Amino acid sequence: MKVLLGISGSSSVNLGLKLLKNLENQCELYCILTQGAKLNFKTENQANLEEICQENFKYTHFLDDKNLSLSVASGSFGIEKTIIAPCSISSLAKIHAGFADTLLMRAAAVALKERKKLILGVREMPFSTLNLEHMLKLSQMGVIIAPPIIASYSKANNLEQMENFIAGKWLDLLEIKHNLYEKWQNF
C-alpha cells in the first residue's frame with residue numbers, strides 16, 4: 001500500500017514524526033516536509049528536521065515540496081491514502097480552495113479528485129468560523145478531519161503517551177495496526 005504523509009507548518013511537528021516512525025515499516029511511504037514544518041521544528045526543538053529524518057528513516061521516500069513534477073503529483077502513481085499531520089490552517093485553506101502551489105497541496109488535490117482517503121490532522125486552537133467552514137466543506141467531500149485531541153480513557157500521564165494516543169488514532173484511520181495506546185473497553 002502506498003501512503004503519503006505530509007508534515008505541514010503547524011506546531012507539534014513531533015506528532016508527525018511519531019506517525020512517520022510507526023508508518024515506515026508498514027507501507028510504501030512517501031513523506032513531504034513543508035518549509036513551515038522545518039522552521040517550526042527548528043524553533044520548537046532546536047534541531048534540523050531534514051537531518052533527523054535522513055538519519056532515522058531509511059525506508060521512507062522524502063520528497064521536495066517545491067518539485068511539482070514528482071510522481072505523487074499524478075493520480076496514476078497510485079497513492080492510496082494521504083494524511084497531513086499536523087496540518088496547518090494555511091494547508092487546510094489551500095486544500096479547500098484547490099490551490100495546488102506545492103507538491104503537498106497538489107498531492108492533496110489528487111487525493112480529492114481520485115476519491116482516495118485524505119486525512120487532515122488540523123492543528124489549531126481555537127478554530128475560527130472560517131476554519132470550521134473549510135473543515136465542513138472538506139468533510140462533505142469525504143475528507144476525514146482528525147485534529148490531535150487526546151481522550152481521558154487513554155490514561156496518558158505524560159507528553160509521550162499523549163503523542164502515542166494521537167498518532168495511534170491517525171494510524172487507526174489509515175487502517176494500520178499498532179500498540180500505541182490501549183483501546184477503549186467498557187469497564
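Placed from the backbone N, Cα and C atoms, the Cβ positions cover glycine too.
The feature FMN binding site is assigned by Swiss-Prot to GLY9, SER10, SER11, THR34, SER88, ILE89, SER90, SER91, ARG123, with sequence analysis given as support. Marked as dimethylallyl phosphate binding site by Swiss-Prot on the basis of sequence analysis: TYR153, LYS169.
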Self-check item: FMN site, defined by GLY9, SER10, SER11, THR34, SER88, ILE89, SER90, SER91, ARG123: further same-chain residues with Cβ within 8 Å of the Cβ centre
Solution: SER8, GLY36, ALA37, ASN40, PRO86, CYS87, LEU92, GLU124
Quiz item: Looking at the binding-site residues GLY9, SER88, SER90, which has the shortest Cα distance to TYR153 (dimethylallyl phosphate binding site)?
Solution: SER88
Practice problem: Specify the secondary structure state of TYR153 (dimethylallyl phosphate binding site) as given by DSSP, simplified to three classes. | Solution: helix
Exercise. Could you say which of the binding-site residues GLY9, SER90 has its Cβ with the most other Cβ atoms inside 10 Å?
Key: GLY9
Practice problem: Would you mind ranking the binding-site residues SER88, LYS169 by how many other Cβ atoms sit within 10 Å of each Cβ and giving me the lowest? | Solution: LYS169
Quiz prompt | Least Cβ-crowded entry, counting other Cβ within 10 Å, from the binding-site residues listed as SER11, ARG123, TYR153 | solution = TYR153
Quiz prompt | Largest separation between Cα atoms (Å) of residues that the record links to FMN, namely GLY9, SER10, SER11, THR34, SER88, ILE89, SER90, SER91, ARG123 | solution = 15
Quiz item: Which of the binding-site residues GLY9, SER11, SER90 has its Cα closest in space to the Cα of LYS169 (dimethylallyl phosphate binding site)?
Solution: SER11
